[in-house]
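Asks: Grabbed the feature section from Swiss-Prot, which reads as follows:
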- 27-47: transmembrane segment (TRANSMEM)
- 72-92: transmembrane segment (TRANSMEM)
- 99-119: transmembrane segment (TRANSMEM)
- 139-159: transmembrane segment (TRANSMEM)
- 169-189: transmembrane segment (TRANSMEM)
- 200-220: transmembrane segment (TRANSMEM)
- 240-260: transmembrane segment (TRANSMEM)
- 264-284: transmembrane segment (TRANSMEM)
- 289-309: transmembrane segment (TRANSMEM)
- 338-358: transmembrane segment (TRANSMEM)
Amino acid sequence: MLYLLSELSGVFSPFNVFRYITFRTGGALFTAGLFVFWFGPWIISLLRLRQGKGQPIREDGPQTHLLTKRGTPTMGGLMILAGLLVAVFLWANPRNSYVWITVVVTLGFGAIGFYDDYLKVTKQSHKGFSGKFRLGLEALIAVAACVAVAEYSAPGLAYRLAFPVFKDAIVNLGLFWIFFASFVIVGAGNAVNITDGLDGLAIVPVMIAAATFGIIAYLVGNVIYASYLQVNYVPGTGELAVVCGALIGAGLGFLWFNAPPAQIFMGDTGSLALGGLLGTVAVATKHEIVLAVVGGLFVLEIASVIIQVASFKLTGKRVFRMAPIHHHFEQKGWKEPQVVIRFWIIAVVLALLGLATLKLR
């Protein structure tokens, strides 16, 4: 809402600062972080009181988890989403369609995750509601979002898929783009969800990816930078940098409480929502394939589960000691902090590689 003050810059010139995306991105980051840090203890206490035993811990998982994680409350995604939304509503341009599309996807996926968490906590079971039904709801939200993105895209840009590195490799997928882009959003949501299995493991790579796509959104939303980098200019997407800034701030605030030993888990409420947000930003900025690079850690995590399940069904043998792959390394003897920090390093390297694709043409 503060963006609207820029329209009064003729009356009070300092208000002109609210026109700048970089300024508002910083403001969103600070606001979201402060909100989560300030209200975090109260939210954690409330969730612990309401949940009692907290998130159920897998009996077949690493035995140390039964001792260190039992009784920890979940649904911490609520504090992330609250901080993110406050910052977005305060600092983003309320007239920007891409912002609203991203917010709707984030809230929709968050609501699905919340209901799943609720069932798990109340039943003290790892099974939420039907996986097929859950995927169906996610797909419905994603398709609606992609149709909206196509509707608000510049003429001739709606259904185009650009390949990184190759500047002339642009394919018009037609209406098939809707299904491809929806797959990206749903896949991103579930990949982050799968990754969220250790203290701090998911939130830091999410922030790294958000920082990367905040930069991408800013560049492709600026006609001068987009022309220089020879990437698709997508008017209006620069505003998504503010959303990414809010996510980083909320993530930093959450990490304060999620650092090992975690006081709270984000749960499906957070992981589905944040993954959906990243997927939507990638779709809106026309960098869907780059998300697979920047979010390569998430791809690795969900791929390990798919490979494990497929291998066991086809051959009766498991490829990994345990899936997702972060548990495989735990079973091999890596300590939890080793797994987490090494995966963070991978996320940083992949983010830099993703950014490099902007210049390598």
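Counting begins at 1 with the first residue displayed.
Every residue gets a Cβ built from N, Cα and C, even glycine.
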Asks: Examine the transmembrane segment (200-220) against the transmembrane segment (99-119) and state whether at least 3 Cβ pairs sit under 8 A, considering only residue pairs 6 or more apart.
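Replies: No; fewer than 3 Cβ pairs under 8 Å.
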Asks: Within the same chain, where does the transmembrane segment (169-189) have neighbours whose Cβ lies under 8 angstroms from its own Cβ atoms, ignoring anything closer than 6 residues to its ends? I mean 6 or more beyond.
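Replies: Residues 105, 109, 135, 138-139, 141-143, 145-147, 149-150, 158-163, 232, 271-273, 275-276, 278-280, 282-283, 288, 291, 295, 298, 302 contact the transmembrane segment (169-189) from elsewhere in the chain.
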Asks: May I ask whether the transmembrane segment (139-159) has at least three C-beta pairs under 8 Å with the transmembrane segment (264-284), counting pairs 6 or more apart in sequence?
Replies: yes
Asks: Grab the same-chain neighbours of the transmembrane segment (72-92) for me: Cβ-Cβ under 8 Å, and only residues 6 or more beyond its ends, written as numbers and ranges.
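Replies: Same-chain residues near the transmembrane segment (72-92) but 6 or more away: 1-3, 24-25, 27-29, 31-33, 35-36, 39-40, 43-44, 47-48, 51, 54-55, 99, 103, 106-107, 110, 113-114, 117-118, 120-121, 239, 242-243, 245-247, 249-251, 253-254, 257-258, 262-274.
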